[in-house]
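Quick look at what TrEMBL annotates:
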type	residues	note
TRANSMEM	A:12-34	transmembrane segment
DOMAIN	A:17-435	domain 'DUF112'
TRANSMEM	A:40-65	transmembrane segment
TRANSMEM	A:109-133	transmembrane segment
TRANSMEM	A:139-158	transmembrane segment
TRANSMEM	A:163-181	transmembrane segment
TRANSMEM	A:201-221	transmembrane segment
TRANSMEM	A:315-339	transmembrane segment
TRANSMEM	A:351-372	transmembrane segment
TRANSMEM	A:384-403	transmembrane segment
TRANSMEM	A:426-443	transmembrane segment
TRANSMEM	A:464-485	transmembrane segment
COMPBIAS	A:490-503	compositional bias 'Basic and acidic residues'
REGION	A:490-511	region 'Disordered'
Amino acid sequence: MEQLLSGFIILAQWEVLIALLIGSVGGVIIGAIPGVGAPVAIAILLPATFSFEPIVGLTLLLGIYGSSMYGGSIPAILINTPGTAVNALTTYDGYPMTKRGQGHRALSLAYSASFFGGIFSILCLIILSPVLAWIAPHFGSREIFLAALMGIILVVLAHRGQVLAAGMLACFGVFLSTVGLEPVKYTKRFTFDQTWLGSGIDLIVVVLGLFAISQALLLLIDKEHAPKSTHVEGNLFSGLKELFGIKRVATAASSLGVLMGMIPGVGEFTAQFLSYTYAQKSSKDPDKFGNGSPEGLVASEAANNAVPGAAMIPLLALGVPGEALTAMMLSVFYVHNVIPGPQLFDTKLDFVFALYMALLLLNIFVMIFLLFSTNWLLKIIQIPTRFLGVMIIILSFVGVYSLRNSMTDCMLAAGFGVFGLILKRLNLPVVPIILGMVLGGIMETKFRTAMARVKNPLDFIDRPIAAILFVMILVILVAHVRTVMQEHQMNKQNHDDPDDHVGPETSTQQG
Amino acid sequence: MSRIKTLQELFKRYRRPGDIVFAILFCFFSFFLLSQLEFQTKWVARTKLYAQPSFWPAVSILGMTIFSVLHYIGSLCSPRIAGRWTEVWFWLRSAEYVLYFLIYVALVPWLGYLPSTMSFALFLALRVGYRSRQAILSAVAFGMGVAIIFRAFLQVKIPSGELYNHLPDAVRAFALTYL
């Protein structure tokens, strides 16, 4: 109780509340503009937050992270263009509802479902806190190593149809984390006798290049496009009432969002896909899915908004980020010497509670803001794409240059920008590089510490949590191989049967 | 023969134009890093394998090499979509904007953050094809807004411009601190 009160005092500072308000409102706006998204905004703002208090910087970034998906649903529903990638599924049912003249109903339902998902995940986080506080100290070096390894494996396998590319890029990320002066024996690694490589490659430079500069380049070169103008009329409060009628779907979708958010490397897409499939299979009216089903809309929005809260679990309890955005947040923790992981619950429980309450508040801020400003947001999102490119590249400069006023950093970020552009054009994933870079560093340190106490390989998994994690890794790998073989068999049967032919685009066996 | 066909089927995936160029380049990059492993990392005597400085670079580069070769095989086995060189040209076109960006970076310590950001925004807006007064004013206003918010309000660490030293006394200190 004392810790909770102390957490409340931390949160009740005006700087924190303003950061939360700016983050929440800014996140909604950024999410609503197609082509920007939370990763770009967080990457740009990251270095600026280093000069703030850790709680101020983190609440600002949390605000953007937690609210961008709310905003992303607006263009997804009204103009069939998802604001953020995770709102793509929302277009399936949101846009058909708009075409039927139910745009305000779809928006209202989406806001309500997002709110429900967000609050549900934070409540789960609060309820799980004592369990986390109890279990986190049982995670030693080998358990954290295995959790990070599981995170990398999952992020690679989560990219269905691109597993080989994801593996290649995750290994590239791990390689990037090893460049520079090695911290134990102080030997140089892959510096090619260049002094600027001696201190290694900064995660923020890579993040800004891969997310922000690449997006700016893409928008500047690609054809001009501006979302069309639209207007919404009607009561946006009605969705809360309607959500009660679909509470089973909302609860199941939020639970899946929490579950998927907790597992490193999985995230919003899997959560949405599973909840949408569940909602469709359990619906009395499954044919309506994809043609404007309120249940489908709720399943998609509740699931993706439940993920940010849950994604904080591995980050706070183990110091293992599950996806790119929490990986970026990890650097804010490190800069301020607040090390997330088992000790955090022991030494800074009030700080953890303050973060939980910030998450709770941001959902309330966003909901109130959205109910009154949707039409205003619809005007903002009409920024032409090339102008957006100009804006992003100018903002990217602040992010990279303010780190250490280095021209080299800017050149490196520009290089990663071109690399990110190529990856985006080829539809190859960027996230495995970031997670490889963050988790690679964690794995190297923890593996070295753990192995010093291990006499034979079996000792590595002689503790219960380590053994469970090891078994989970094995199960994940075996299940993946099994799925690949099954898909291969199915495709083979389809090819044998000319009436049921599957085109080359759909045969992605390696995923 | 049927085994080869099965293997081909197993590697088949959706392949965008330019995929094979990227796959080959990444393969070369991985093999280059592998060839440099011995020279760019040290083997420390009386140190166990897992604690060797070269252990993690070796693990990651081996992983990169294996996956990039498999990715290349996947590219070879998958149906091609025309437009490879058009796509490569698209990638190369980004170099133009990278050059502008780097010129902007080089100009900031000389011209100062505010003038260079406003000029860069104006130049880019014109370069991408905006000609209307509204678009040009919006670009300049955006540049000014960003510079003021980040340098004056958030006090982000960006050096003041050399040019500011030649300003009249009345505005020099202000410009050096806030612009």
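Even glycines carry a Cβ here, placed using N, Cα and C.
Highlighted: of the candidate stretches A:40-65, A:109-133, A:139-158, A:351-372, A:464-485, A:40-65 has the greatest count of Cβ pairs under 8 Å to the transmembrane segment (A:12-34).
Taking residue pairs at least 6 apart in sequence, the transmembrane segment (A:384-403) and the transmembrane segment (A:109-133) share fewer than three C-beta contacts under 8 angstroms.
Sequence-distant residue pairs (6 or more apart) of the transmembrane segment (A:163-181) and the transmembrane segment (A:426-443) include at least 3 whose Cβ atoms are under 8 Å, placing the two stretches in contact.
Within its own chain, the transmembrane segment (A:384-403) has Cβ neighbours under 8 Å at 33, 35-36, 40, 43-48, 202, 204-205, 208-209, 212-213, 215-220, 222, 224-226, 409-410, 413, 417, counting only residues six or more beyond its boundaries.
Touching of the transmembrane segment (A:139-158) and the transmembrane segment (A:426-443) is concluded from the presence of at least three CB pairs under 8 A, sequence neighbours closer than 6 excluded.
Looking at which of A:40-65, A:351-372, A:426-443 has the most CB pairs under 8 Å to the transmembrane segment (A:315-339), the answer is the stretch A:40-65. Long-range neighbours of the transmembrane segment (A:40-65) within the same chain, counting only residues 6 or more positions beyond its ends whose Cβ lies under 8 Å from a Cβ of the stretch, are 10-11, 13, 15-16, 19-24, 26-27, 30, 204, 207-208, 211-212, 215, 308, 325, 328-329, 331-333, 335-336, 338, 351, 354-355, 358-359, 362, 365, 392, 395-396, 398-400, 402-403. For the domain 'DUF112' (A:17-435), the model gives a mean pLDDT of 86.
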